[in-house]
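According to TrEMBL, the protein carries these features:
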DOMAIN    14-282  domain 'Protein kinase'
BINDING   LYS44  ATP binding site
REGION    329-376  region 'Disordered'
COMPBIAS  338-357  compositional bias 'Polar residues'
Amino acid sequence: MADTSTSDGVMQDYEFGSTIGRGTHATVKVGTPKNGKGGKVAIKIIPKGKYDRGLESLEAEIEIMKKVDHPNCIMLHSVYEEQHKIYLVLELATGGELFDRIIARGHYSEKDAAQLMADVLAACGYLHSKGIVHRDLKPENLLYASDDPCSDQYDRIKVADFGLAKFIGLIGDGSAMKTMVGTPAYIAPEVLSPEREEEGYGPEVDVWSMGVILYILLCGFAPFHDESNAVIYKQILAGDYSFPSPYWDEVSDDAKDLIQGLLCVDPKVRLSIEQSFDHTWIKTRAKDSTAHLSAAQTELKKFTAKARLKKAINTVVAANRFGSASARMRASSSASSHGQDTPSNSVPPSVGGTPSTAGDCAGGFTAFPEVQKEGV
């Protein structure tokens with residue numbers, strides 16, 4: 001359980017090291033306890049004035065992370081609050097992002113993919129049991145715990161970034177979420193559905209995202225893809241994907257069957273986490289599928305390079321928008337102080353309208369999430 005400290009500064013407790021993540025709204029540095037107890041941590045530094053999703057959203061994220069205690073989830077150790085900044089002391093995952101490890105492997109098979117998916121299922125099963133829905137599962141938010149091949153944590157997956165997570169209480173009590181959030185390629189159809197505002201959606205959205213992740217793991221590209229998000233959304237709503245040759249020729253029927261169960265458009269028919277664990281491909285950890293997925297590795301290199309370029313562009317765009325908004329607000333304040341009329345629409349929608357977690361750095365090695373908006 002995380003501790004909250006407002007009186008003693010984080011500088012008194014930790015020695016700050018290198019920067020391991022930097023985004024529009026936060027910077028992440030390595031921290032070493034000055035008392036010599038415990039290992040290194042990741043310290044997420046959030047200037048209050050730059051957190052355009054609002055401090056209430058940040059407080060909600062912190063409260064959710066305080067509830068999380070699972071070996072497959074990034075842990076929040078403590079929180080420090082100062083006048084202008086908030087510091088989150090997080091578990092440090094040094095193993096890097098999921099796809100980077102896969103690309104670097106000499107041999108990668110369905111067996112490897114099944115093991116890491118079992119970790120993600122375990123994390124989500126735990127979160128849902130606590131009434132927490134992640135709502136932004138994607139490869140960038142899946143980190144390896146350790147970079148030491150001799151460590152028993154080397155192959156352990158950690159789910160990170162709870163910025164869009166929601167606590168809905170006891171799963172199954174009728175609670176539903178209605179906000180449109182997530183990252184385009186991984187959003188479940190019920191989140192995009194016109195009926196969302198009336199019917200809402202539940203934890204099944206995380207299962208859909210896991211289906212998308214598994215698809216990418218086995219072929220190297222996304223099931224729903226286009227340069228236009230609008231086209232991607234149409235594909236998702238229709239469940240319009242396939243297993244094209246030659247990329248899927250060597251993938252087992254069991255793996256394809258699991259993906260089809262996870263990517264059911266109707267959340268009532270979609271596999272549950274329990275059913276996914278009971279699926280042959282997960283239960284056996286695909287032990288007989290050890291053939292090297294060389295084509296998937298090759299495609300993953302292209303997928304990752306393109307995704308990073310897009311994230312870099314989005315981070316710059318978000319930073320420019322924030323800078324422009326700040327300048328306009330300062331100008332507005334100055335105009336008001338001189339008795340001038342200020343137009344009511346002087347602040348652009350990007351400031352008070354659609355919150356974004358662009359560049360929110362998770363407590364891992366290098367986690368720069370793609371621009372995600374509550375109002376995709």
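The first residue you see is number 1, and the count goes up from there.
The backbone N, Cα and C atoms fix where each Cβ goes, glycine too.
In this view, the residue listed as 'ATP binding site' is surrounded by 24 other Cβ atoms within 10 Å of its Cβ, with every protein chain counted. Confidence across the domain 'Protein kinase' (14-282), taken as the mean pLDDT and rounded to a whole number, stands at 93. According to its DSSP assignment, the residue listed as 'ATP binding site' is in a strand.
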